[in-house]
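Annotated features, as they stand in Swiss-Prot:
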- Cys59, Cys63, Cys67, Cys99: [4Fe-4S] cluster binding site (BINDING)
- Ser195: Mo-bis(molybdopterin guanine dinucleotide) binding site (BINDING)
- 52-113: domain '4Fe-4S Mo/W bis-MGD-type' (DOMAIN)
- 1-45: signal peptide (SIGNAL)
Amino acid sequence: MKIHTTEALMKAEISRRSLMKTSALGSLALASSAFTLPFSQMVRAAEAPVEEKAVWSSCTVNCGSRCLLRLHVKDDTVYWVESDTTGDDVYGNHQVRACLRGRSIRRRMNHPDRLKYPMKRVGKRGEGKFERISWDEALDTISDNLRRILKDYGNEAVHVLYGTGVDGGNITNSNVPYRLMNSCGGFLSRYGSYSTAQISAAMSYMFGANDGNSPDDIANTKLVVMFGNNPAETRMSGGGVTYYVEQARERSNARMIVIDPRYNDTAAGREDEWLPIRPGTDGALACAIAWVLITENMVDQPFLDKYCVGYDEKTLPANAPRNAHYKAYILGEGPDGIAKTPEWAAKITSIPAEKIIQLAREIGSAKPAYICQGWGPQRHSNGEQTSRAIAMLSVLTGNVGINGGNSGVREGSWDLGVEWFPMLENPVKTQISVFTWTDAIDHGTEMTATRDGVRGKEKLDVPIKFLWCYASNTLINQHGDINHTHEVLQDDSKCEMIVGIDHFMTASAKYCDILLPDLMPTEQEDLISHESAGNMGYVILAQPATSAKFERKPIYWMLSEVAKRLGPDVYQTFTEGRSQHEWIKYLHAKTKERNPEMPDYEEMKTTGIFKKKCPEEHYVAFRAFREDPQANPLKTPSGKIEIYSERLAKIADTWELKKDEIIHPLPAYTPGFDGWDDPLRKTYPLQLTGFHYKARTHSSYGNIDVLQQACPQEVWINPIDAQARGIRHGDTVRVFNNNGEMLIAAKVTPRILPGVTAIGQGAWLKADMFGDRVDHGGSINILTSHRPSPLAKGNPSHSNLVQIEKV
């Protein structure tokens, strides 16, 4: 007998004709007491009491927020999602309300396309042909292959792929496969991330860390300048940044200037001024602003003398060449002899010189100024240089380490100190960049420290032979140059085993050899920490909303079973004799030691969330350094802000770099490859940049129908460029370059600079990879490059040149 749920009945469409039929049937029933409706049993069942419950959980995808969810459950199914309803919702102790992604989470949980059983690949990688197997066969296959590869190639041949589909949890997290591998000798690890590879590398040389003031500190500023920062789409929820920016600006009435190729949602209706800029040229703008600040005597010279190295001749390191300091570079007195004037920058950025002068004077006269940058500008082929150049504006004006100022990077967050599931120490010290794993599969033994950024040794001894792919669409969808990656993964004699653990048959899952069905975090117990939470830290104790359906299992159980098969010592080291529930209680207790006012475990199951305010009201990056640089030096060789980096000068002299790959000891502007002035523009005249789309978090939520309908996947194109190509809004267009091509709808809009196009990253690949390979899903990585950036060896996924044609 088919069971109809209340929700299904509510969704059913009722036409006038069907309503009349039902009414007639009802009249007939009244006329005959012997008549029994065929659905009368269902009606009686519906009248019977059904047990309902509500549990606290969280949305834990990689948006930088961790929003509280109240999941209402009936018949072991989530049928209604609330968000944070706790407290009085006063700013500073506000409710952590989810955005539309988190509020649609029941559609992910109840999605018919979720993985249900363990499977093994029976076709080619990427075909998506699998057959169902038992858990024992799956776990035995994984364990046998892992044991064989460790024996034949060593631990350096195993890699855990970057993945953030399950990111904010504690035990529902990539820490679990890390811990397993560290329990059995270690693995080839990585440095950097697809989010922040270039800026994290660059700031480590400049400040010794990548840290900024919390966004609530905008309440203390006079001016907000955002370079490529778009929290209204990337971190738009109550657990994110947009609410803080709005509330803080209400208190300070700060003027806000947005610098971005797109008129993004953060700008829309909120900004005082939008300055559209060519992608990848923010560094040139920053240098021209610096020229105005220096020539008009608006720099904070005492700050530069006391806290910095390399601004001028006085603080230039003794081993540096003469006139190698920043001031000389800006004024044209350095080796290149080019003054970085507003007129020079106007030709590069497309921002008029008079606008640059006006902006510079605003920055120089606003005391303090909150200068920040999102992670978009650094995700270019010159991203390391760009991020340092922007940060220099905060340094020049003395806005570092003070209330209302910032270090020039993305806004930071106070951390209350959640105890994390320990990964254990990795005995293997060799590392590769997060972005170069395809090279490590394809030609790993050719990768060196000076050409490919290998760390821990001069070169890799073995290629990657075993790949863990947990909650990761990076295997194909989120990695640069999909066509190249497809070719690398086709040869299964290179990477001999790929284990996927996921919720859906994503584009990446189709390339796995063994595929395991994971429970979602909302179906498990976990201790979840805030991330982009401003000055209000919080922790969520999530409880499972429903039972495990079909043969889905939690990752901790899966890897405990693998550990058991690898031997009793591995199993004991991995589990320490604890179940997942026991780990959560342990981690809660350790967190409570740091925060005694946090509710105990049983009480927190009821309250769901614990919130705590930053004791200093606002989090200020590098405050201690500013107050006493001798007692609190930065983690740089000099202990100061290194405007001139001797370490970068040495790297520039010793690394193997191509002509268009520049590492500079100063925060100088460098064009980068595949940029606005690349000769390739003669063939592919339009710059293409990516952006984080509000319908998805990377590729998470990319298969939710209501979000797809609300936010269709489109390529943004300016009316001038569209008219030249005969393109109208809504037309299907062909976007292509040497890397690949896609068919996608055109969004013709003046909200993007002429000569520039944009596609929201994270859309699911829909291409016949064994046919024409034309993508119909709008995955930007069919067009991006797998060539890494010079210093961080990170993903330059916003540096692209394309042509667009009407289909």
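Each position is counted from 1, following the chain as shown.
Just so you know, glycine gets a Cβ as well, placed from its N, Cα and C.
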For Cys63 ([4Fe-4S] cluster binding site), just give me the three-state DSSP call.
coil
Separation of alpha carbons, the residue listed as 'Mo-bis(molybdopterin guanine dinucleotide) binding site' and Cys63 ([4Fe-4S] cluster binding site) (Å):
10
Within the same chain, and leaving aside Cys59, Cys63, Cys67, Cys99, name every residue whose CB is within 8 angstroms of the centroid of the CB atoms belonging to the recorded [4Fe-4S] cluster site, in sequence order.
Val61, Ser65, Arg66, Ala98, Arg101, Gly102, Ser237, Gly239, Gly240, Thr697
Tell me the Cα distance separating Cys99 ([4Fe-4S] cluster binding site) from the residue listed as 'Mo-bis(molybdopterin guanine dinucleotide) binding site', rounded to the nearest angstrom.
21
Is it possible to get the count of other C-beta atoms within 10 angstroms of the C-beta of the residue listed as 'Mo-bis(molybdopterin guanine dinucleotide) binding site'?
20
Indicate the candidate from Cys59, Cys63, Cys99 with the smallest number of other Cβ atoms within 10 Å of its Cβ, considering only these binding-site residues.
Cys99
For the domain '4Fe-4S Mo/W bis-MGD-type' (52-113), residues assigned helix / strand / coil by DSSP:
9 helix, 23 strand, 30 coil
Count of other CB atoms lying within 10 Å of the CB belonging to Cys67 ([4Fe-4S] cluster binding site):
29
Secondary structure at Ser195 (Mo-bis(molybdopterin guanine dinucleotide) binding site), reduced by DSSP to three states:
coil
